[in-house]
Amino acid sequence: MLLPGLLLLLLLLLLAGTRWLWGQWKLWKLRLPPLAPGFLHFLQPNLPVYLFGLAQKLGPIYRIRLGLQDVVVLNSNKTIEEALIQKWVDFAGRPQILDGKMNFDLSMGDYSLTWKAHKKLSRSALVLGMRDSMEPLVEQLTQEFCERMRAQAGASVAIHKEFSLLTCSIISCLTFGDKQDSTLLNATHSCVRDLLKAWNHWSVQILDIIPFLRFFPNPGLWKLKQFQESRDHIVMQELKRHKDSLVAGQWKDMIDYMLQGVEKQRDARDPGQLHERHVHMSVVDLFVGGTETTAATLSWAVAFLLHHPEIQKRLQEELDLKLAPSSQLLYKNRMQLPLLMATIAEVLRLRPVVPMALPHRATKASSISGYDIPKDTIIIPNIQGANLDEMVWELPSKFWPDRFLESGKSPRIPTFGCGARVCLGEPLARLEFFVVLARLLQTFTLLPPPDGTLPSLQPLPYTGINLLIPPFQVRLQPRNLAPQDQGQKSSTG
């Protein structure tokens with residue numbers, strides 16, 4: 001009995017070895033991007049900048065080892081746009097990751113007819129379903145935020161947490177409808193922050209590099225699953241509440257809109273059937289992808305303006321000239337505030353929402369910049385690295401909003417990704433940047449705390465999705481514009 005078992009084992013080893021050699025032989029025939037030596041690249045503390053440094057030696061496209069596979073890193077706008085715009089179908093896939101709800105997830109779901117239907121419904125719910133209410137909602141909640149900050153009477157404030165609560169509240173109203181009571185909102189906000197903190201922990205991130213470690217005891221992974229259960233409980237309760245009160249042809253929020261969209265698609269028997277779980281994961285993606293990311297960008301903007309009070313003063317002069325405090329702030333008229341829009345663009349260039357876009361997967365054999373890219377290769381666009389390219393940007397590390405005021409001088413920045421995988425929440429995030437910063441600078445002067453300490457502009461060690469700023473405090477000094485001056489200002493409405 002022992003001999004047949006050994007023969008079977010040898011046969012399996014022979015087949016595995018033959019398959020590996022066949023795969024290597026096929027790769028030897030290809031013109032692959034250069035391979036960066038070493039195995040510990042993803043353990044670097046400031047990963048996007050480190051990867052861009054490798055590009056200075058190897059070129060804008062190269063390979064690095066990630067566990068047992070190679071990953072291709074793109075470090076220039078040209079290579080990113082070729083892959084994600086010109087050849088978007090070839091690179092629209094997603095690799096399998098730790099969170100396994102791949103058939104229902106939007107941000108990490110693989111490319112398919114179902115995924116396309118899911119993306120179309122979710123984007124329609126945000127852009128069309130909430131078209132008339134999204135802008136007034138952001139304005140209202142921002143005004144309430146400013147009133148809360150005014151009550152601080154110039155005291156030092158941990159601004160990131162306040163921004164995070166604001167963005168969570170906006171998403172909550174868009175998805176769940178009526179404003180949540182403070183207890184439920186705080187519970188939702190804490191759940192989202194805890195979930196992201198657990199996800200970004202090294203003990204979880206390493207599982208995508210060394211997958212077999214997930215079979216060993218891992219307190220970090222256990223915490224992540226606990227927070228996922230809490231998240232799902234909150235969303236499922238809201239789905240049930242919405243189904244119980246749903247009226248055909250009417251909607252008050254995104255969940256209503258998407259639930260009816262799923263029913264219509266089911267009745268029409270369209271390809272790529274959607275289910276209630278897809279609605280669930282759309283809500284999850286909005287909270288996870290739109291709370292801390294937007295709050296982090298707003299925090300970076302405040303930090304840069306504390307370091308550059310002269311730019312803050314120019315922004316306030318622009319707002320005082322073009323926008324009366326009591327006037328309606330319309331996003332369609334945003335170009336009446338060119339310096340504000342340039343400042344937002346510069347913050348997004350230096351500190352992009354997601355510095356390294358979520359990984360893509362080659363759905364077929366293709367090429368980028370003349371290099372062969374085999375099917376199923378993982379592609380990582382290094383957006384922050386591309387934004388630091390001296391061949392494209394003058395003084396790329398300098399905070400200089402005026403670069404965007406020079407006509408024709410500023411290339412497109414793929415801050416929210418591009419092509420089929422462009423971020424679902426981009427319209428909401430851009431609206432929030434515009435409204436929150438406009439109202440904040442119109443209402444307050446940003447000052448350092450009494451001891452004069454300025455925030456660090458160096459990101460925390462990069463281990464997850466977001467580029468996080470070290471905690472800091474700011475004083476929001478009310479400006480108290482004179483009523484007679486306010487009446488002389490024009491309106492962007």
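Including glycine, each Cβ sits where the backbone N, Cα and C put it.
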Site-mate of Lys119, His360, Arg421, Cys423 for heme b in Swiss-Prot, selected among Arg94, Arg131, Arg403, Arg439: Arg94
Arg231 (17alpha-hydroxyprogesterone binding site) and Cys423 (heme b binding site), distance between Cα atoms, whole Å: 21
Arg231 (17alpha-hydroxyprogesterone binding site) and His360 (heme b binding site), Cα-Cα, nearest whole angstrom: 26
Nonlocal neighbours by CB distance (under 8 Å) for Arg231 (17alpha-hydroxyprogesterone binding site), same chain, sequence gap 6 or more: Cys191, Val192, Leu195, Val284, Phe287
Cβ-Cβ neighbours of Cys423 (heme b binding site) (radius 10 Å): 21
CB contacts for His360 (heme b binding site) [other CB atoms within 10 A, all chains]: 27
Heme b binding residues Arg94, Lys119, His360, Arg421, Cys423: largest Cα-Cα distance, in Å and rounded to whole number: 16
